[in-house]
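Q: Below is the structure I would like to discuss, written out as structure tokens.
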Amino acid sequence: MSSHSAESVDPGKVSLWDYEHHGHDPISTRTLGFWLYMLSDAMIFAALFAAYGVYVRNAAGGPTEADIIHPIYAMWESVVVFTSVFAYGLGMAALKKGNRAGVINGLLAAFALGLVFLGMEYKEFADLIADGAVPQRSGFLSAYWTIVLTHGLHMIFGLLWMLVMLFQVMREGFTQNVVYRLINLRLFWHFQAIIWVCVFTFVYLKGVL
């Protein structure tokens, strides 16, 4: 780690975009790079949604959408996801004020709610397995499992990232590296909420209409 990156910065004065002709500050540049990564990730999810649209009617005599999809349960999952994003947002508000305890509390709350969401997903998958609705049963189930599991894996990655950031905030404070990682994690966590809205709309709601 360079000495410049290890220097403490004022989180409230971090500029995401620099309109001067000399270019972006380091935090802005790294955030832009992360946006490019998320665009590629969005393309992956777009392909998964397209595949789901193709295979959704291919139940092969097995369980259909109406048999396995429970929109009310998914609605409560949505509440948990949005509350986790809100908690992280409170942590970012504390970051802007330079409040380390507020950032830590926000991360802890977002992490705990993320675990609740994953626990609900685990129960959903366990019930599917118990009912024999496994991915190899049909094209529909393969597409369903793939899209929901892919989102779940992203959530797991986000939670692991939160743990890393908790230790870094406690150990290093608000260095340049820590601040830009917190900003990128905010983008990533909000992106997971957006993807979940798409999953909820096109998989859970559409499946019962």
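Every residue, even glycine, has its Cβ placed from backbone N, Cα and C.
So TrEMBL lists the following for this protein:
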type	residues	note
DOMAIN	1-208	domain 'Heme-copper oxidase subunit III family profile'
TRANSMEM	34-56	transmembrane segment
TRANSMEM	68-90	transmembrane segment
TRANSMEM	102-122	transmembrane segment
TRANSMEM	142-167	transmembrane segment
TRANSMEM	187-205	transmembrane segment
Q: Average the per-residue pLDDT over the domain 'Heme-copper oxidase subunit III family profile' (1-208) and send me the rounded value.
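A: The answer is 88, the mean pLDDT of the model over that range.
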Q: What same-chain residues lie close to the transmembrane segment (34-56): Cβ under 8 Å, and 6 or more beyond its ends?
A: 65, 138-140, 142-144, 146-147, 150-151, 154, 184, 187-188, 191, 195, 198, 202-203, 207
Q: What parts of the chain pack near the transmembrane segment (187-205), using Cβ distances under 8 Å and only residues at least 6 beyond its ends?
A: 31, 34-35, 38, 41-42, 45, 49, 52-53, 69-71, 74-75, 77-78, 81-82, 84-85, 88, 110, 144, 147-148, 151, 154-155, 158, 161
